[in-house]
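Below is one structure, written out as structure tokens, with a few remarks after it.
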Amino acid sequence: MAGGGASNLPGRIVAKRQRVVGTRRIYNQWVNNQTLEDYALRYTARKARRWSPAWVANTALGSVAFLACEAIGATVTVAYGFDSTVLALLTAGIIFLISGLPVCYYGARYNVDMDLLTRGSGFGYLGSTITSAVYASFTFILFALEAVILSAALKLCFGIPLPIAHLISALIVIPISAYGFARISAWQNWTQPIWLILQCAPLLYFIGKGQDGLALWTGYAGTSPAPPSLRFGLALAVFLSLLPQIGEQVDYLRFLPDREQAGKRRWWTALLLTGPGWIVPGAIKILFGSFLAVMALGAGMGVGDATNPTMLYYMNFGALLHSPMAALMLTGLFVAICQIKINVTNAYAGSIASSNFFSRLTHRHPGRAVWLVFNVLIALMLMQGGIQNVVERVLALYSNFAVAWFGAVIADLMVNKPLGLSPKGIEFRRAYLHDINPVGVGAMVLSLLISTASFSGMLGEDARAVSPIIGLATTFIAAPLLAWATGGRYYLARPVDILAPQEHRCILCENSFEPSDMAHCPVYQGNICSLCCTLEARCHDACKPPQSWTAQLAQAMRRIVPWTLNDIVYLRIVRFLGAYGLTATIISVVLAVTYYQSVGQGSDGRTVARILWTTLGGMLIVGIFPTWYLVLSRESQRAAEEESDRQTSMLVDEIEAHARTDAELQRAKEAADAANLAKSRFIVGISHEIRTPLNTISGYAQLLDKDPAHLADAVRVIRRSATHLTDLIDGLVDVSRIENGSVRIQRAPVNLHDLLHQLGDMFRLQAAARGIQFSHSRAPHLPQWVYSDEKRLRQILINLISNAIKYTPQGSASLAVHWRNPVAEFEIKDSGVGIAADDLKRIFEPFERINAVPGQPGVGLGLTITRLLADIMGGQVTVESRPGAGSVFRVKMFFSEAPGADRKAESAAVAQGNAGIPRTILVADDDPAHLDLARGILSPLGCRLVFAQDGAECLRLYREHRPDLILLDIAMPRMSGWDVARAIRGQEQDEDVGILMVSANVHDFQRPRQIDDPHDDYLLKPYDVEEMRDRVLTLLGPAATVDGTEPS
């Protein structure tokens, strides 16, 4: 959908558009401030990836400075010995290299952080919430461990009490991490040379110890009495707890520029060396810690100091410099640089993970900086609680969670995607993801259960030794099987909209983002950015099929446990079990940490375990009640929200209905106003047109009354004025009939050559009378007979040619006909006054006449009628003109050729009708003046004339004289002309009599002819004398003769 728009989505809910509240826009704009946010919760835009690959790689490399590597190496070596440590480290290193490559590649290729990468790697939108919690806990646990080391250095160097040192160590990173990658990268790159130089000190110390030191180190057996296999497993578990470190590398590598822009070699080099390759310097540092710890023990240090990196490096620098003060200063500087370098990364990654976790659960995001402070404070609490005393056990337990999470992600990236079991690419946007993807979540849960059972000894000592490997193998088996079983349908909830490759404006926060960060939202009916989509709590995922994660689990439960329960009960059970399981997990983890901390401080393990197991049972029982309360209160809240949505939907529908009604009323009002204005303009225009000829008629009538001597000239003027009025009314009628669609175009054979010859003769005389030349030409291959409406075609050409002659004071006018089968083009050209460019736009409007030639007669309707007739005949009228250079009007018509017809014989037969049998004509009209006019017009035909003044008299005279033709006026008293005609047609023996209807009301004949109409033809008043005689002769036929009698 592109994008976007919106596309049709299967199963999508029809969403109501919501009104965006002003304060909500401001809130989201504040959150979208990338100076502080650093693209948390969203795709890393191109404009943010402005650094070189070397700069990004150097920043990621700074994360490897953490002294926890030395602390872990020292602790594991002291406990499990050199052999187990090195073997476990080698195994962990291989796992890190293999697993880190796809994770870092996809993160850098699709420019997403570790949380977003997890979403698109088989976990779903809410499923990755669990992993965000695991990741966030890793960051603040590691933060606490690293800060404790810095606190020890502060105490050693400056004598600062540990509680205050912890506070300083924790808070010092906030000003750097708060401003994201830009400030972190500057810090990492500026401190890199100092760190690298000081980091090489253990190597010099190792060389100085020589073979004796090497032998002492490699021969150290450790303090643990466990068998070698178990020691290997426990050591490996501790090392695998560092697996999420790859996620911190991804959080930096997402800032790599596009591969094509940076160059493939530079891009891949930066990715490999500081992505999965972080374990190489990391493993060296672990070995440094292992070596220094053994040397410290050999020098008589206690176990506590031997596993403390600060004391180890103080010993190291002291041995190299032989100056306690210099060693103390270097130790303080080195530890401070190392721990701040790693803790800005821990705080940064933790703030992103916490942002993802809480934003998905609460649909609120106060800002990454807030979660940065939150994570630092959590780590500070762990430091004050003494987490450094139980680091080995905590990390060993934590490794099961880390391996389960990363194993599921890696299995999806390494197995499912290449096999086509999951979609290519990484989709992280809420709009396209299911809440829960059973592939990643299921694989992680299975791995966690099996590895934890193995770690606890439930599956035997051998399984306990390799519990992380078992957990990792479980994910690689479960993830592909689950993806195959589900058909991969839980990766995408709907097809991805394809948006144009440009920045799009978010309809909510009004910021612009790249297509990879946008999706179409049917609720707001526009494109929305991924962060605003994440924070939207009111849409209820209307863009996706209506199935939440609880509904998915409820369906699975129905299949597993097919009780006769309704869906609501299944949903309620699933929600309770989910909430209760989460509560139980949190309580168990807290009590487990408490157990390890107590045992680490010397308490009796069995006594502590018995107390904690009793506490766990009691808390689980008590926890049932608040859990049910939360579930039911949430259901009540959800029901209230649904009712509110229904009411809001009804209100919105009503508002939209009112808006549509208002819009229709407004359109009707505007149409009425326009019609009223048009009527007013029409009345003004027509009154002017009618008053002018009426003035001449009235004036000359008064002159005739006083001075009959000028009879001929006065009658000529009166006739001309009456003709003008007739033309005006006919034009108005034509325009009206064309616009309301009552004009019917006839398709009959037309002798095109005769028509053009008649027009040429007609206008040649008219042009000669005006002193100009008129020429006519036509294409030699122009067909003689074509199908068309001869009357309308003649009307179009007469209007245009008469205008050409009228507006040509001197010069010439011409009619040329071109033929390109089946299109005829009539070109009317003159050398007259021409038409201005502004006038060309209005000459086809009614009553519009240009003033180029003053005093020219006309009603201003000719061109209007011409264009309307041409349009309904399927033709086209165009005009070209320049003032002073004449005009060219072109009419294009589609004609089909018609077979020839001998119409001359037929015309002659009609013309010779006076030689036949005498005919009788009955004329009915309630106006005596009209009867006298009919007598004057029809008397020269020599027919017998009978006159009636109403309908009843007409029927009586009809039965008496049996006329051959009846002229009926429609508007007569008592019986209308229609009534008389139907009465006559009702007599079976008189169906052949001709009936000519006469009326002054054009609306009487606007409808099409019907099969049961009683009349044969009609004539409109005022009628032309010749036209009336032609109609009468046509209806009488060729046998009408002069009889010489005229009944009275």
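The backbone N, Cα and C atoms fix where each Cβ goes, and this holds for glycine too.
Heads up, TrEMBL stuff is auto-annotated, nobody curated it.
These come from TrEMBL:
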DOMAIN    685-897  domain 'Histidine kinase'
DOMAIN    920-1036  domain 'Response regulatory'
MOD_RES   D969  4-aspartylphosphate
TRANSMEM  55-80  transmembrane segment
TRANSMEM  86-108  transmembrane segment
TRANSMEM  129-154  transmembrane segment
TRANSMEM  160-181  transmembrane segment
TRANSMEM  267-297  transmembrane segment
TRANSMEM  317-338  transmembrane segment
TRANSMEM  369-391  transmembrane segment
TRANSMEM  397-415  transmembrane segment
TRANSMEM  436-459  transmembrane segment
TRANSMEM  465-485  transmembrane segment
TRANSMEM  577-596  transmembrane segment
TRANSMEM  608-631  transmembrane segment
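Within the same chain, residues at least 6 positions away in sequence whose Cβ sits under 8 Å from that of D969 (4-aspartylphosphate) are A924, D925, D926, D927, H930, G977, V998, S999.
Confidence in the domain 'Histidine kinase' (685-897), given as mean pLDDT, stands at 77. Long-range contacts of the transmembrane segment (86-108) within the same chain: residues 73, 76, 80, 114, 117, 121, 232-233, 235-236, 238-240, 242-243, 246-247, 249-250, 253-254, 256, 267, 271-272, 275-280, 283, 286-287, 290, 406-407, 409-410, 413-414, 426, 469, 472, each at least 6 residues beyond the stretch ends and with a Cβ under 8 Å from a Cβ of the stretch. Using DSSP to sort the residues of the domain 'Response regulatory' (920-1036) gives these counts of helix, strand and coil: 53 helix, 25 strand, 39 coil. Contact between the transmembrane segment (129-154) and the transmembrane segment (267-297) is not supported, since fewer than 3 Cβ pairs fall under 8 Å when only residues 6 or more apart in sequence are counted. If one looks beyond the transmembrane segment (55-80) by at least 6 residues along the same chain, the residues whose Cβ comes under 8 Å of a Cβ in the stretch are 88-89, 142, 145-146, 149, 181, 184-185, 187-189, 191-192, 195, 199, 220, 222-224, 226, 231-232, 234-235, 238-239, 242, 245, 248-249, 252-253, 255-256, 269-271, 273-275, 278, 281-282, 285-290, 292-294, 297, 303, 306-310, 312-313, 335, 337-339, 341-343, 345, 391-392, 395.
A Cβ distance under 8 Å defines the sequence-distant neighbours of the transmembrane segment (267-297), meaning residues of its chain 6+ beyond its ends; these are 53-54, 56-58, 60-61, 63-64, 67, 69-78, 82, 85-86, 89, 92-93, 96-101, 103-105, 108, 199, 202-203, 205-206, 209, 213, 216-217, 220, 239, 242, 245-246, 249-250, 252-253, 256-257, 259, 303, 305-307, 309, 311-313, 315-316. Panel annotation: around the transmembrane segment (436-459), residues 118, 121-124, 126-128, 130-131, 237, 396-397, 400-401, 403-405, 407-409, 411-412, 416, 422, 466-468, 470-472, 474-475, 478-479, 482-483, 486, 488, 490-491, 549, 552-553 of the same chain, lying at least six beyond its termini, place a Cβ under 8 Å from a Cβ of the stretch. Nonlocal intrachain contacts for the transmembrane segment (397-415), taken as residues 6+ away from its ends with a CB within less than 8 angstroms of a stretch CB, comprise 99, 102-103, 106, 117-118, 121-123, 130-131, 134-135, 137-138, 141, 237-241, 243-244, 246, 421-422, 439-441, 443-445, 447-448, 451-452, 455, 467-468, 471-472, 474-476, 478-480, 483, 592, 596.
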